[in-house]
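Structure record follows, encoded as structure tokens.
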Amino acid sequence: MQTARKQDPQTLVAAVHGATKQYPGVLALDDVDFGIRRGEVRALLGKNGAGKSTLIRLLTGATVPDSGDVTIDGASLTGSGTQRTVEAARLGVRAVYQELSLVVGMSIAENLFLGRWPSSMGVLSHGEMEDQARETLARLGLKLDPRRRVATLSPAERQLVEIARVMIGEPKLVILDEPTSSLAAAEVELLFKAVRSLAAAGIAVIYVSHRMSEIRQIAEAATVMRDGKVAGTVELAGADTAEIIRLMLGRSGQEDWLVGEARGGATVLSVRGLAVPPKLAGVSFDLRCGEVLGFAGLLGSGRTELLRAIGGLDAVRVGTVLLDEKDITRGSYGERVKSGIGMTPESRKEDGIMPLLGVDENTVATDFSKVAVSGVISTSRMAEAAGDIIRRIGIKTARIDTPVGTLSGGNQQKVVIGRWVYAGSRILLLDEPTRGVDVEAKSQIYAIIRQLAEQGKSIIFVSSEIEELPKVCDRVLVLKDGCFVQEFVAPGIETDALMAACL
Amino acid sequence: MSVTTTTPDRRRGFRLLALDMNEIGLIVILLLLYFGFGATTNGFLSANNHLSLLRDAASIAIAAWAVTLIIIAGEIDVSVGPMVAFTSVCLAFMLKADVNVALAILAALAIGGALGTFAGSLRAYFGVPSFVATLGLWSALRGMSFFTTNALPVTFPDNAFLDILADNMFGIPTSAIVMLVLFAIFSFVSQKTAYGRSIFAVGGNANAAELCGINVARIRVLIFTTSGVMAALAGVLLTARLGSGNAGTASGLEFDVIAAVVIGGTALSGGRGSMLGTLLGVFVITLIGNGLVLRGINPFFQEVVRGVIIVAAVLANILVTRYRERRIFGAC
């Protein structure tokens, strides 16, 4: 690569140059240039699938670009496979992901040195380990005893221990992936302090987040990605949020709304003052008959917690849930299912499907009694019931008893929704129903949701993909800092405005 | 919907005779064992030995039906042997005290059911791993049996009904008939009832089953209740055959039972398995045990062979599962 560097390589800690990465069916990165200086905190923004993760994976060496190169501290990454990640780590790249990776039964010190415990002649030297850990924690301004077990720490403290861990060795670049998504607002300040110490020590920080208020406090500039390209890098001091939103969304324009006029009949479900500490401070709303109600909000805004509380999966301690004006706040999940509430989980694979069972049994599992004749499951009734759902929802399956695990993600999701249609649920709580499904399946799922609403079902649709909410929802409520901050009503819900309300 | 779909086939039936690869393999192994021992071992093919084979099979199989359900649900029960011994001792004490035989048998089954329910509740409501809960029972029940009997057989007066259980009906051991009737019932329940299918659902993905509204805790308790009752029934049949209650009886039975289930292709990780597989597994275990005895192999060495067979069966099970998953679910 003989191309002249645009910026002085001496000051750049990490640089990506002309990187392109093609995955089957998607161009994840398209000729991307990216650079970050010593001691800089850079925010990285972009919608799902914009290419943020791929860019991070390039920097950590987890992904090799098809073309272009990655330079860390002046040295090009050359290896492949695990060698490349080792190389990147040696050059000083560290990443902290959303899922914490601490061993909760061990002490803070042991976690900081996980797998690389200092030892002499095969015996761990706890004293040395604790001294070094104490020093590292102090560098971040943390007052934690390194001998404390991680199990006794709060989520924020655990997050800080994760950050302390990346300080071991000589980090040059630290990548934080949505570090505040699992934190309550009050805990965020602790994290900021740690990030500022990192920057003060000359370490470059890439801060992936969409919370504008946080980004403005912590970062100087923001790089916005869109469709595998860098849409722009803006100085935060001079940029307003609208400009960043424009960069994130592009000039896609408003297309194919499935909703004309907002509709909805009588109130079926009514939530008053529901609080789930520390995520939800008290929310109230009404769900009307035949309405699709969207919940928008950033990762960690409490969407899933709210849905679980409404569905009765987590006990509701503050607030009330009324179904047809009847108080069901204290009722169990099972009772809510019986009274016509159905819920589809966010993680289809872990909580949604029973992979070895057929489409038919996955469908009728919500109510075996409907296909049973005096306690015995009737093969023909089950085939009929499942066949009916397969046709109505448009599930593509070779046979009626094909194991669900072999279907595509979109079709699995249709089965998970279909089982509640089969059960005759009136209220559907759909948590990220389009996560991880392809574009075609997405639009099919939108159509299914609209059709169910037209049949009089009431649907709560939770999505982290802002653009899909205006397409299907009659109404969208925006969740932020534990409260609903704004309501949008169809027609004409603008994605930009919705996004602005979320950030 | 705007989507057009080809109407899928309807192929689910009562899949008793739809054999899969594992079951065909087992039948081949059974035939090899049968004709192998038949050709080389004196007395193996005699009518008497066949009756003895059936009786031995019954003592494993009756408990194995219930343990199949437990393993399909992703759990394990290691308490079968001591449960059999304990209920056998209980029954013998009751008969010795002249309790009505029908009442005594029902009481023995109830004791087994209650103990199983206890283990299942520990699992379902307190999250005690089922291995630990049943291991506790394993130790406590064996100890209790020896403690109450001083390791001496508990004898009781002759009993006409128990004699029928110990004897043959239509030239077939009564216990084998009980085994086959229960086989039919368990096959049916596991394939055609909400309870049976819920067990598969819980074993396949307990979270998803819970979200479907299936009462996962109840299923987890019930399978252990069932297992306790079945072990007690095996205890009743054994007591009838021995004519006394013995604290040391059915030693190591749990291993034969688990081995039979696993050999039969039930996945230890849960979610998959069949009664037919277990039936074949029971016969494999029984044939090997019987053949070794007839060939006069040292009884201590027989234990070694049993250990090797169990580990080999589990290994084969895991390899088959892995292969199958790769084939069904592709690379993901």
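Note that the numbers count up from 1, one per residue, in the order the chain is shown.
Quick reminder: no glycine exception, Cβ is built from N, Cα and C everywhere.
Automatic prediction, not curation, is the source of TrEMBL annotations.
As recorded in TrEMBL, the features of this protein are as follows:
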- B:24-45: transmembrane segment (TRANSMEM)
- B:57-76: transmembrane segment (TRANSMEM)
- B:101-119: transmembrane segment (TRANSMEM)
- B:131-149: transmembrane segment (TRANSMEM)
- B:169-189: transmembrane segment (TRANSMEM)
- B:221-242: transmembrane segment (TRANSMEM)
- B:248-268: transmembrane segment (TRANSMEM)
- B:275-294: transmembrane segment (TRANSMEM)
- B:300-320: transmembrane segment (TRANSMEM)
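By the Cβ criterion (under 8 Å, sequence separation of 6 or more), the transmembrane segment (B:300-320) is in contact with the transmembrane segment (B:248-268), since 3+ such pairs are found. By number of Cβ pairs under 8 Å, the transmembrane segment (B:248-268) is matched best by B:275-294 from the list B:24-45, B:101-119, B:131-149, B:221-242, B:275-294.
Contact between the transmembrane segment (B:169-189) and the transmembrane segment (B:275-294) holds: at least three of their C-beta pairs are under 8 Å, each pair 6 or more apart in sequence. Panel annotation: around the transmembrane segment (B:275-294), residues 16, 19, 22-23, 26-27, 29-30, 33-34, 36-37, 41-44, 49, 52-53, 56-57, 60-61, 64-65, 68, 183, 186-187, 190, 256, 259-266, 302, 305-306, 309, 313 of the same chain, lying at least six beyond its termini, place a Cβ under 8 Å from a Cβ of the stretch.
If you look at the transmembrane segment (B:24-45), the same-chain residues 6 or more away from its ends with a CB under 8 A from one of its CBs are 263-265, 277, 280-281, 283-284, 287-288, 290-291, 294-295.
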